[in-house]
Amino acid sequence: MAVQINPSILSADFARLAEEAKAVEGADWLHVDVMDNHFVPNLTLGVPVVESLARATDIPLDCHLMIEDADRWAPQYVEAGAGSVTFHAEAAAAPIRLAREIRAKGARASMALKPATPIEPYEDLLPELDMLLIMTVEPGFGGQAFLDLMLPKIRRTRELISKHGLELWLQVDGGVSASTIERCAEAGADVFVAGSAVYGAADPAQAVRALRTQAETVSAAAAWACGH
Ligand SMILES: O=C(CO)[C@H](O)[C@H](O)COP(=O)(O)O
Ligand SMILES: [Co+2]
């Protein structure tokens with residue numbers, strides 16, 4: 001299980017997005033939080049900004065759509081250049097059809113769960129996805145405190161992924177930092193979104209490297225424990 005670190009540009013300077021992407025060289029994906037002021041009480045950016053950002057950076061874009069009517073909008077983010085598109089389970093009328101459409105258009109299909117949404121009703125849907133995102137804060141804002149009570153859900157999701165023998169990536173988003181990333185990795189997450197912990201650091205690229213080292217150490221120890 002390879003560790004991936006995805007800085008969230010929610011905590012970057014929106015007037016300098018191309019430079020902010022360069023500041024996190026070495027990151028696996030750039031996490032782009034799209035908010036519509038309906039699904040969440042905040043407003044960020046949309047398709048035209050994603051199009052420009054995709055042209056401005058070589059880092060692939062991981063678009064996290066916190067928007068209503070995901071069925072209508074998500075495919076447009078693939079066309080805008082996103083390599084991975086995450087829709088919320090709570091905002092999709094037909095998640096299987098939507099995941100298939102995202103994949104057919106050439107991107108990785110991912111589904112997110114708000115903290116109060118359980119994973120169990122979605123077990124049969126997991127093979128349709130390339131990634132599952134477990135929110136570890138209420139979506140809407142960066143800089144919130146990590147919700148420890150999400151750790152059992154991360155664990156249960158990792159068990160379901162193993163039970164079905166899937167290649168699915170397991171992403172965590174919200175309050176991920178030097179003081180919480182090890183707990184997430186230990187619970188079974190392998191893709192880590194970090195906004196304030198990266199862009200709030202004096203050297204964002206160094207913050208990405210440090211988070212990666214922490215997560216890799218834990219996941220190597222977990223792999224060793226499983227294999228013996
Ligand atoms: O989806 C999000 C908020 O809804 C952001 O990706 C997330 O909060 C990242 O910011 P931080 O690491 O500062 O919590
Ligand atoms: Co996000």
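Each Cβ is built from the backbone N, Cα and C atoms, and glycine gets one as well.
Divalent metal cation is bound by His31, Asp33, Asp173 in TrEMBL, and the record lists one more residue there from His64, His164, which is His64. Other residues of the same chain near the substrate site, with their Cβ within 8 Å of the Cβ centroid of Ser8, His64, Gly140, Phe141, Gly142, Gly143, Asp173, Gly174, Gly175, Gly195, Ser196, are Leu10, Ser11, Asp33, Val137, Gln144, Val193. Each of the binding-site residues Gly140, Gly142, Gly175 was scored by the number of other CB atoms within 10 Å of its CB, and the largest score is that of Gly175. Ligand 2 lies within reach of His64, Asp173 from the binding-site residues His64, Gly140, Asp173, Ser196, judged by a C-beta closer than 6 angstroms to any of its atoms. The two recorded residues Ser8 (substrate binding site) and His31 (divalent metal cation binding site) have their Cα atoms spaced 4 Å from each other. Between the alpha carbons (Cα) of Gly142 (substrate binding site) and His64 (divalent metal cation binding site) lies a span of roughly 13 Å. With respect to their backbone Cα atoms, His31 (divalent metal cation binding site) and Gly140 (substrate binding site) stand 14 Å from each other.
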